Amino acid sequence: MTEESHPLRGAGNFFGRRHGKPLRSHQKNLFEDLLPRLKINVENPAPQDLRTLFEAKVDAVRLEIGFGGGEHLHHETGRYPQTGFIGVEPFINGMAKMLAALDGEPRSNLRLYDEDATAVLDWLPDASLSGIDLFYPDPWHKRRHWKRRFVSDANLDRFARVLKPGAKFRFASDIEHYVNWTLQHCRRHPAFDWQAEGPSDWNHAYEGWPGTRYEAKAFREGRRAAYLTFIRR
């Protein structure tokens, strides 16, 4: 995809602060030693066959945007060793947790990126992904910040370009307004169908879902999550 054909990246980043608590020395070492070996270089052209990105022999490739502490992504990479995963997380402390998990249990079917996910989406070849996961993204509560929500017409266009026909876009959130926002955007987009027949389809977590620390905190505070699945036409 050429630079001229990229959808607009919008006004500002889709994520908030990049850094929280100071990193410990071991975490800093992982950023210096492990991340460079796993990080995708979007300055180079993407391979037409994305499966060649991975050390492991894989049959399909999925993308997780904003993986937080990496609980779900690390779980999925172990659960599906023949699927390649690209994980994007710009928050430094979240990436540090993921790198620590990989230091203990390496994954040969995983690549990482620690900056804006739209750069990866614009880098990917057409119809190259078997799935995109976006779980508990920043809801940007204030109305003036809604334009920074990751679910947008421009990003759904990006999803539509890189997803194979029949591939899934999965979205989970505990913020009702963002859930409704996502439903409205996806249902009016010509490339996506909502896969739901009744409340049980969005009130129950995905099969094999490991849960996340953020989700557990939301439940403790009395919020409920919705789990949406959309199919690329």
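Just so you know, glycine gets a Cβ as well, placed from its N, Cα and C.
According to Swiss-Prot, the feature active site maps to D138, an assignment based on similarity to another entry. DSSP assigns D138 (active site) to coil, not to a helix or a strand.
What Swiss-Prot records for E64, E89, D116, D138 is S-adenosyl-L-methionine binding site, and it gives sequence analysis as the kind of evidence. DSSP assigns D116 (S-adenosyl-L-methionine binding site) to coil in the three-state reduction, outside any helix or strand.
The secondary structure of E215 (substrate binding site), as reduced to three states from DSSP, is helical. The feature substrate binding site is assigned by Swiss-Prot to K142, D174, T212, R213, Y214, E215, with sequence analysis given as support.
Feature annotation from Swiss-Prot assigns region 'Disordered' to 1-21.
With respect to Cβ neighbours within 10 Å, the binding-site residues K142, R213 differ, and K142 shows the lowest count.
Across the recorded positions listed here (E64, D138), the residue whose Cβ sits among the most other Cβ atoms within 10 Å is E64. Of the listed binding-site residues E89, D116, D174, E215, the Cβ environment within 10 Å is emptiest of other Cβ atoms at D116. Taking CA atoms as the reference points, R213 (substrate binding site) and D116 (S-adenosyl-L-methionine binding site) are 23 Å apart.
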